[in-house]
Amino acid sequence: MTQFNIPVTMSSSLSIILVILVSLRTALSELCNPQDKQALLQIKKDLGNPTTLSSWLPTTDCCNRTWLGVLCDTDTQTYRVNNLDLSGHNLPKPYPIPSSLANLPYLNFLYIGGINNLVGPIPPAIAKLTQLHYLYITHTNVSGAIPDFLSQIKTLVTLDFSYNALSGTLPPSISSLPNLGGITFDGNRISGAIPDSYGSFSKLFTAMTISRNRLTGKIPPTFANLNLAFVDLSRNMLEGDASVLFGSDKNTKKIHLAKNSLAFDLGKVGLSKNLNGLDLRNNRIYGTLPQGLTQLKFLQSLNVSFNNLCGEIPQGGNLKRFDVSSYANNKCLCGSPLPSCT
């Protein structure tokens, strides 16, 4: 039997050609945009190469759903990275939010959360994400003020900066965002007054949560223009009239204003028929309880304790589900479940 001996040099050449062909085939079949992959790898580096991002490998396709937290646009088949979830990573030391995020121009959704070692301000590079709809930066140690440049991202629908170390005052400019539907800034160190401009959010704006901060001053009268489904301004240092948040013509479902210094006549406010949660405890609210409370078919929670309310508690409807704790420590409230009026 005749044997053919392939020279060593030819064998090496064939191996090199085979490697090139395999690499070329991989490159041609990869869906991930090269610029997006480069940006993601830089983000990984900027975060100290955490072990939780070990699936982000330069030799694999970032659009094949093996890269943790990365999704690409398969609907339009552009396969640009449009969804990035950077949550729960254990960084080796403190790092700022990577400015390299700006190199993912097709991002629609960005979630950064649960990273204790994430520090520093929200970088101006975020303003370059002009297609961003949903921005979440939560449960980190990111600090500084909420930046004005967010008003440049006209596509924003949701802003959630809850439970960080943010300080400074609320930026008036975000009220100009035409598509913004809600803000969640609770659990920070934000101080100062609520801007008057926050009463001029678009009709799409239905949710405001700025609880557990250091807000002072009064709720702007311009809030009468808003139709909020959910508002939570509890645990601040707000004072004065909050009746502008109420109205029988509104679609309000929850109003949480507990632990402020608000003072207004509760008996004179109109109530949304959709109201299912009302928490007004620990304020200086006076007057009587509205009789309209008995007509609220969806009311599930009520707390008006520790105020200056007087008069007989209305009876009927869903009010029968609430016990003494909902009404305790008022000036002169009476009637079931409190002692009877005399």
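Here the Cβ of each residue, glycine as well, is placed from N, Cα and C on the backbone.
According to Swiss-Prot, the feature signal peptide maps to 1-29. Residues annotated as disulfide bond in Swiss-Prot: Cys32-Cys62, Cys63-Cys72, Cys310-Cys332, Cys334-Cys341. For Asn64, Asn141, Asn303, the entry in Swiss-Prot reads N-linked glycosylation site, with the evidence type sequence analysis. The repeat 'LRR 1' annotation in Swiss-Prot covers 82-107. Residues or ranges marked as repeat 'LRR 2' by Swiss-Prot on the basis of sequence analysis: 108-132. Taken from Swiss-Prot, the feature repeat 'LRR 3' applies to 133-156, supported by sequence analysis. Positions annotated as repeat 'LRR 4' by Swiss-Prot, on the basis of sequence analysis: 157-180. Annotated repeat 'LRR 5' per Swiss-Prot: 181-205, in sequence order. If you look up Swiss-Prot, you'll see 206-228 marked as repeat 'LRR 6'. The repeat 'LRR 7' annotation in Swiss-Prot covers 229-252, and the record cites sequence analysis as its basis. Swiss-Prot lists 253-275 with the feature repeat 'LRR 8'. Per Swiss-Prot, the feature repeat 'LRR 9' maps to 276-299. Per Swiss-Prot, the feature repeat 'LRR 10' maps to 300-319; the stated evidence is sequence analysis.
Feature map: annotations from Swiss-Prot on the structure.
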residue	record	DSSP class
Cys32	disulfide bond	coil
Cys62	disulfide bond	coil
Cys72	disulfide bond	strand
Asn141	N-linked glycosylation site	strand
Asn303	N-linked glycosylation site	strand
Cys310	disulfide bond	strand
Cys332	disulfide bond	strand
Cys341	disulfide bond	coil
Predicted model, mean pLDDT over the repeat 'LRR 6' (206-228): 98
Same-chain residues near the repeat 'LRR 3' (133-156), Cβ under 8 Å, at least 6 residues beyond its ends: 94, 97, 108-122, 124, 126-127, 162-171, 173-174, 176-180, 185, 190
Cα separation, Cys72 (disulfide bond) to Cys310 (disulfide bond) (Å, whole number): 59
Which of Asn64, Asn141, Asn303, all glycosylation sites, has a Cβ with the fewest other Cβ atoms inside 10 Å: Asn64
Cβ-Cβ distance under 8 Å to Cys72 (disulfide bond), same chain, at least six residues away: Leu31, Cys32, Asp36, Cys62, Cys63, Tyr79, Arg80, Val81, Asn82, Asn83
Rounded Cα separation (Å) that holds between Asn141 (N-linked glycosylation site) and Cys341 (disulfide bond): 52
Most Cβ neighbours inside 10 Å, all chains, among the disulfide-bonded residues Cys32, Cys334, Cys341: Cys32
Spatial neighbours, same chain, of Cys332 (disulfide bond) - Cβ under 8 Å, 6+ residues apart: Leu309, Cys310, Gly311
Positions whose Cβ lies under 8 angstroms from the repeat 'LRR 4' (157-180), at least six residues beyond its ends: 122, 133-148, 150-151, 186-202, 204-205, 209-210, 215
Nearest recorded site to Asn64 (N-linked glycosylation site) by CA-CA distance, among recorded positions Asn303, Cys334, Cys341: Asn303
Listed disulfide-bonded residues (Cys62, Cys63, Cys310), ranked by Cβ neighbours within 10 Å, top entry: Cys62
Same-chain residue ranges lying at least 6 outside the repeat 'LRR 2' (108-132) that approach it to Cβ under 8 Å: 69, 82-102, 138-147, 149-150, 152-156, 161
DSSP-derived helix, strand and coil totals, residue by residue, for the repeat 'LRR 5' (181-205): 5 helix, 5 strand, 15 coil
